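First comes the structure, then the notes that go with it.
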Amino acid sequence: MPPAHLQSYAKRAERHSNPAAKELLETIERKRSNLCVSIDVTKQADFLRIIDIVGPYICLVKTHVDIIEDFEPTVIDRLKELSERDDFLIFEDRKFADIGNTVALQYSSGVYKIASWSHITNAHPVPGPSVIAGLSSVGLPLGRGLLLLAEMSTKGNLATGSYTEQAVQMARAHRDFVVGFIAQHRMDGVAASDKGVADDEDFLILTPGVGLHSRGDSMGQQYRTPQEVVLESGCDVIIVGRGIYGKGNEVDAEYVQGQAEIYQKEGWAAYEERISAAE
Ligand code: 5BU
């Protein structure tokens, strides 16, 4: 059997048992989109407007719900409506990083009740397996999935080498709930001597730091193109923020829609080229 990233999203969906991972792969295939739009804006109207525009082009929307300064619970109701209308999943990029008991509360409770609406969330592996235990106690019964942060896109980040290896080993020991990684490359060969490696290992790789028109920002972000990310590095989902919604204060609907279309096309073309290599 060829390695997972050389197989189609549809084939891979058949073998995933975690409901969030399965649904994400099925959505990617159905919509021919491996594009996740990341929305870091401060007003709920802009947040919902951008999602309203990009919905048809994406498989997933990535949120930082705590950035919205006029947040009300109705934002979540509308987000869920849009996710059903336009057929995409929701990923709250919460980056949990505390002891199990605390992350379980942060995930289930508080103002945002993330577990009740976010199909996928993520965690830093820095606390060790307890972060997974805490989050899975809440998320697994709801059919949610978790991504571990194995690598980051920023200059000088510390998630490299043995840290990345240990993230992968932690994930292998919790495959029911940990469905993949936030990373810059596939993790297949990482810690390959680990006894936990399964023959059918297929972690999803979701990759931020994607842009076509810039190589970075003034605060250490580094961008690569969809070709570099999907074809050369074997990642599964491109996460694009400002490359799609721009940097201005106003949402320019035509621009946002145009960019979403371009990134969807680029991401999909890179995937088709990748799997054609295995045929
Ligand atoms: P941008 O506007 O495309 O640069 O936004 C990138 C998003 O991805 C932003 O929400 C970050 O929080 C997120 N991100 C990232 O850029 N790099 C990382 O390594 C991780 C998350 Br982890």
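Keep in mind that glycine also has a Cβ here, set from the backbone N, Cα and C atoms.
Summarising the annotation, TrEMBL assigns domain 'Orotidine 5'-phosphate decarboxylase' to 34-256. Mean pLDDT of the predicted structure over the domain 'Orotidine 5'-phosphate decarboxylase' (34-256): 97.
Under a cutoff of 8 A between CB atoms, and with a sequence separation of 6+ in the same chain, the neighbours of G241 (substrate binding site) are V37, S38, I39, D40, K62, P208. Secondary structure at G241 (substrate binding site), taken from DSSP and collapsed to helix, strand or coil, is coil. Sequence annotations record features per position, and here TrEMBL assigns substrate binding site to D40, K62, S153, Q221, G241, R242.
For D93 (active site, for OMPdecase activity), the same-chain residues 6+ apart in sequence whose C-beta sits under 8 angstroms from its C-beta are S38, K62, T63, H64, T121, N122. If you look up TrEMBL, you'll see D93 (among others) marked as active site, for OMPdecase activity.
The active site, for OMPdecase activity annotation in TrEMBL covers K95 (among others). The secondary structure of K95 (active site, for OMPdecase activity), as reduced to three states from DSSP, is extended strand. A simple way to gauge crowding: the CB of K95 (active site, for OMPdecase activity) has 13 other CB atoms within 10 angstroms, across all the protein chains here.
Annotation source TrEMBL lists active site, for OMPdecase activity at D98 (among others). Just so you know, the Cβ of D98 (active site, for OMPdecase activity) picks up 17 other Cβ atoms within 10 Å once every protein chain is counted.
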Could you check which of the binding-site residues (S153, Q221, R242) sits closest to D98 (active site, for OMPdecase activity), going Cα to Cα?
S153
Quick one: which of the recorded positions (D40, D98, Q221, R242) have their CB closer than 6 Å to ligand 1?
D40, Q221, R242
Rounded to the nearest Å - Cα separation of Q221 (substrate binding site) and K95 (active site, for OMPdecase activity):
17
